[in-house]
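As given in TrEMBL:
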- 5-104: domain 'Replication factor-A protein 1 N-terminal' (DOMAIN)
- 158-262: domain 'Replication protein A 70 kDa DNA-binding subunit B/D first OB fold' (DOMAIN)
- 287-384: domain 'Replication protein A OB' (DOMAIN)
- 447-594: domain 'Replication factor A C-terminal' (DOMAIN)
Amino acid sequence: MENSVTQNGIATVLSNQSTDSSSVRPEIVVQVVDLKPVGNRYTFNANDGKMKIKAMLPATFRSDIISGKIQNLGLIRLLDYTANDIPGKSEEKYLLVTKCEAVAPPLDAEIKAEIKASTGIMLKSKQEFVAKSASQIINEQRANAAPAARMAITRRVHPLVSLNPYQGSWTIKVRVTNKAVMRTYKNARGEGCVFNVELTDEEGTQIQATMFNAAARKFYDTFQMGKVYYISRGSLKLANKQFKTVQNDYEMTLNENSEVEEARSEEMFIPETKFNFVPIDELGAYVNQKELIDVIGVVQSVSPTMSIRRKNDNEMIPKRDITLADETKKTVVVSLWNDLATGLGQELLDMADNYPIIAIKSLKVGDFQGVSLSTVSRSNVVINPDSPEAAKLKSWYDSEGKETSMSTIGSGISSSANNGSRSMYSDRVCLSHFTSNPSLGEEKPVFFSTRAYISFIKPDQTMWYRACKTCNKKVTEAMDSGYWCEGCQKKDEECSLRYIMAVKASDSTGEAWCFAFNDEAEKIIGCTADELNKLKSSEEGEANEFQTKLKEATWSSHLFRVSVSKQEYNSEKRQRITVKGVSPIDFAAETRLLLQDISKNKTSQ
C-alpha cells in the first residue's frame, strides 16, 4: 500500500457504518490535523484530502505521541476504530481509534482537496522515520521549543475539570478572560496586596486564580487580558461561595514558586462559552446575592441609550435596558452598561423587530422593581447562539410565544432594599430556626423568608392606632375637638386607623408570635383597620362579623419576609419577629423549590 492518504477513505468509512455496523472496517490512511490533549486522551481531525472527521486516541497512545511517533500533520493508518455520534449533535460523528500505526512523519502542510490523491505523496521510508530513539526526539524538540512549549512537552496538559486539591503536579493551558485590579488590605496579620484572574480552558471550564503579596507583585504584569498561558505548581481549595465569581467548586492560589509562561508559539484557542441558564421565573432566589447567573431569552424591547451618573465618581456612563422573555412566560429587564449599551445595544435595537434570541453570561441579580438583571465587567453576550436551548426557545416563540400574554418577574418580591427585602424564595427557613436560636439579631436585625399559617389572632388586643392622614404618625386628641399631629404640627378633624398587631404563625416545625404593621396586616386580615373597626363597633351577640373576619384570616398560608431583632422589655432582652412582607403562595415556584431541595439531598447522600 502506498504511503499516501486513502482517497475518499472517510466517506467510505461513514458509508459502511450507515449500511452495516458489523461489516469489516476498511484500513485507511489519513493525515493527523490539530492533534491536542483533552484530559488523558488526544483529539485530532482525520483528513483524507477531501473530507475531515473528528477522531480520538485513548491514553494508550500517549507514549507514541510523547516519543514523536505520531505527530501533528503526520500520516497514520487506521486499523481498528468505531464511528460514534457526537452527544447533542446526532448528525455528526467522530472516530474512536483503538488501533493504528504511524505511516509517515509530519508533512510541510495540511493536505488540501486540490491535491490529487492519484499523484501520491512522496514520503520518507518508515525505517528512516523510526531510526531515532524516543529520547533523541524529545531532546531535539526541547532544544528547539520556546519555554512555554517545553512545559507542554515535558508535562501533560490537564483540563480544568480534572483538577482537584488532592492531585499532584499538573499543567494547564488557559486564557485570561478577566483580570481584577490590584487591591491592598489590612488585617491583624499586617498589610498586603491581592489580585485575581479568571482563567478559561479550551473546553470552556473556568476557575479563579488568586495571588497575594509577593506572588501578586510578580504576576500582575505577567497576566494580560486575552492571552494564553501555561500554568503549573499552583494549589487548589474549595471555593468560598461568598466571593467566587465563576462556576467552579474549586479556586486556585498561585505563589512565588508557581510557573506562569505565555504560550507564544503555541496554537492559540478561543474558549467555548459554557452557559448555566437560570429560567426567568427562578431568578428571585438570586436577588442581591454575590453569585452571578446566566440567562437566555427572546428580546421583547430595547430602550434608547441613556446616561447615568455614577455615585462614587460622578462620571456619566451609558446605559440601555432590554426586556427578555422565555418559556416560563415571564419577562425581566436587563441593564446593559458602558460599551455593551452603545455597541451591542444599538445592534439589538436595529434587529429588535425580528425578536432575536440572546444568551448572556455573568449577570448580577438586583431587586429594582422586584427583580432586575445588570451586566458587569465580565459579562458576555451572544446574539442568536447556535445551541439547543436557543433553538428550542426560538421554536416555542414562533409557535406560541408571540401570542402569549407575558408577566414581569416580580410577584412576591418587594422593591425596597433598605428593609432587607429579597426574594420570598431565598434564605428560606422554618419557624424553628427562630425559636431554637435565641441569639438571632443581637447585634443588628437579620432577615429571612418563611412560609407559615396564621394560626391565631388575639381578638382583645390593641390592633391599631390613630394616625395622621398626612404622615401616618400617631396623633392625640386635641383639647377642643379633632386630633393633633406632633410631626406635622397641625390639627385635623379626622384621623385614620393603622394596624399594629400581633399574630401567631405556625408551620410543621413550631410556632412563633410575629408583629405586623399596617400594609402587611391588611394583606393578612383582608381589609383596612378602619373597615375592621366598623365591624367591631357594630358587633351583636357571639357570632358577630368582627370575630368572623378574624377567623377567616386564620389558617391561611402566606409567604413572609421577616426581620429578627432584640428589644429590651422590663430590663430583659427579648426576640422580636417583625413581618416585612406578605405574599400569596406561588405553588409552581414552591414545587420547584422542593425539587431543588430533593436534588440537593440526593447529591449530598
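Keep in mind that glycine also has a Cβ here, set from the backbone N, Cα and C atoms.
Just so you know, TrEMBL annotations are computer predictions that nobody has curated.
Against the domain 'Replication protein A OB' (287-384), stretch 158-262 shows more Cβ pairs under 8 Å than any other of 5-104, 158-262, 447-594. Under DSSP, the residues of the domain 'Replication factor-A protein 1 N-terminal' (5-104) split into helix, strand and coil as follows: 19 helix, 52 strand, 29 coil.
Mean model confidence of the domain 'Replication factor A C-terminal' (447-594) amounts to 87 (pLDDT, 0 to 100 scale).
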